[in-house]
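Asks: Sharing the features that TrEMBL gives for it:
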- 28-49: transmembrane segment (TRANSMEM)
- 61-83: transmembrane segment (TRANSMEM)
- 103-124: transmembrane segment (TRANSMEM)
- 191-210: transmembrane segment (TRANSMEM)
- 216-238: transmembrane segment (TRANSMEM)
- 250-272: transmembrane segment (TRANSMEM)
- 292-313: transmembrane segment (TRANSMEM)
- 325-343: transmembrane segment (TRANSMEM)
Amino acid sequence: MSAQPCATDILSRATACRDGSAAAHLKFLSIFVIFFTSMLGMSSPVLLARLFQGKSLYDRAVALIKCFAAGVILSTSLVHVLPDAYSSLADCRVATRHPWRDFPFSGLVTLIGALLALAVDLVASSHVEHAQYAPVKTNEKESSSVESRIELGGGGGCHGGDSTGAVAGEGSAVTDEEMLLRLKQKMVSQVLEIGIIFHSVIIGVTMGMSQNVCTIRPLVAALAFHQIFEGMGLGGCVAQAGFSFGTMVYMCFMFSVTTPMGIVLGMAIFSLTGYDDSNPNALIMEGLLGSISSGVLIYMALVDLIAVDFFHNKLMNSNPKLKKASFLALTLGSAAMSILALWA
C-alpha cells in the first residue's frame, strides 16, 4: 500500500476532530483528574499494608497485594507499553523512512531495556551484599572475643554465656538477612518507579501534544483508571519495601505528578515547535522511550516480583492455599490492567 492513501486518510480523520481550544480545556481538566487518581491508586496499598501491620494477616495481605501489583505491572508492559511503542515505530510516517523500515527497533530497544534492568539489578545487589558482609564479619569477631572472655571468667557463667551468645548470634543472623531482603525490595521498588515514570511521562507528553478532541476526551477517563491500577502496582511493592513515611510520600507524589507534568511538557512542545503527536520525530521518540520502559518493566515483573514470590518465598511455599490465592491475585491484576487496553 502506498504512503499517499495512508496520509490522506489520517488527515481527513484528524481535521474533523481538531480543535485546539477545546483540547486545551480537556488537558487542564485531565491534569487534576489524573493527579488525584494516581495519588489514590498508589496510596491505597500503602495504607492497607499499614492497617494490617502487626496483625496475624499482615504477611499474607502484603503477599497478595504484591502479586496483584506484579500482574498489573506485567500487563502494563506487555499489553500497554510495548504495543504502543511498536505502533509508533510502525506508523507509515516512520516505517517508510531509513533505517526504521529496515529493522524491528522496538524489539531491539525492549531487549536493551531488559538488559539494562539486569545490569542495574546485578550492580545494586552486589553493592548491597558487599555493604552488609562487613558488619557481619565484625559481629563474628566481637562474638568470638565475648565468648573468650566468658570462658576465661570461669564455669559459673559459662552456660548462661553460651546461651546468650547463641541467641544473640541467631538474632544477628536474622537481622542481617532481613536487612538484605529489605534493601533488595527497596532497590526493586525504586527501579520499578523509574520504569513506570518513563511510561507515565510518555503518556502525558503524547496527550499534551495532541490537538485531537476525539482522542483526548475518552483518554481522560481511561487514563484515570489506568493510573489507579498502575499506582496500585507500584504501591504494592513500595508497601513491602519498608520505606520511611516521608520516602513513601515522596515516591507517591513523584508517581502522581509525572503524567500531569508530561501533559504540560507536551503542551509546551506543541506551543514552541508546532509538533503534534503525529509528527514523525515525536513518534520515534515515543517508540524508543516506550520500548526501553517496556523492557525494564518486563524484567522487573518476571524476575524481581513473580519469580521471587512464587519460588523463593518461604511463607508462600509452606502454604499451598496462599500460593493459589496469590496466583489468583496475579491473574486478577493482569486481567484488570489488560481490560483497560480497550480504552487506553
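Just so you know, glycine gets a Cβ as well, placed from its N, Cα and C.
Looking at the shown structure, what environment does each listed feature sit in?
Replies: Within its own chain, the transmembrane segment (61-83) has Cβ neighbours under 8 Å at 45, 48-49, 52, 106, 110, 192, 196, 199, 226, 229-230, 232-237, 239-240, 290-291, 293-294, 297-298, 300-302, 305-306, 309, 313, 315-316, 322, 325-327, 329-338, 340-341, 344, counting only residues six or more beyond its boundaries.
Beyond the ends of the transmembrane segment (191-210), by six or more residues, the same chain brings 23, 27, 30, 34, 73, 76, 80-81, 84, 117, 120-121, 124, 216, 219, 223, 226-227, 230, 233-234, 237-238, 251, 254-255, 258-270, 275-277, 279, 282, 286, 289-290, 292-293, 296-297, 300, 304 to within a C-beta distance below 8 angstroms of the stretch.
Note on the transmembrane segment (216-238): residues 23, 26-27, 29-30, 33-34, 37-46, 65-66, 68-73, 76, 80, 185, 188-189, 192-193, 196, 199-200, 203, 207, 210, 248, 251-252, 255-256, 259, 305, 333, 336-337, 340, 343-344 of its chain, located 6 or more positions outside it, place their CB under 8 angstroms from a CB of the stretch.
Within the same chain, residues 24, 27, 30-32, 34-36, 38-39, 42-43, 46, 189, 193, 196-197, 200-211, 223, 227, 231, 234-235, 238, 243, 282 sit at least 6 positions outside the transmembrane segment (250-272) and bring their C-beta atoms closer than 8 Å to a C-beta of that stretch.
For the transmembrane segment (292-313), the list of distant contacts is 63, 66-67, 69-70, 73-74, 76-78, 81-82, 85, 109-118, 121, 188, 191-192, 194-196, 198-199, 202, 237, 323, 326-327, 330: same-chain residues at least six beyond its ends, Cβ to Cβ under 8 Å.
A Cβ distance under 8 Å defines the sequence-distant neighbours of the transmembrane segment (325-343), meaning residues of its chain 6+ beyond its ends; these are 63-65, 67-72, 74-76, 79-80, 83, 218-219, 221-222, 225-226, 229-230, 232-233, 306, 309-310, 316.
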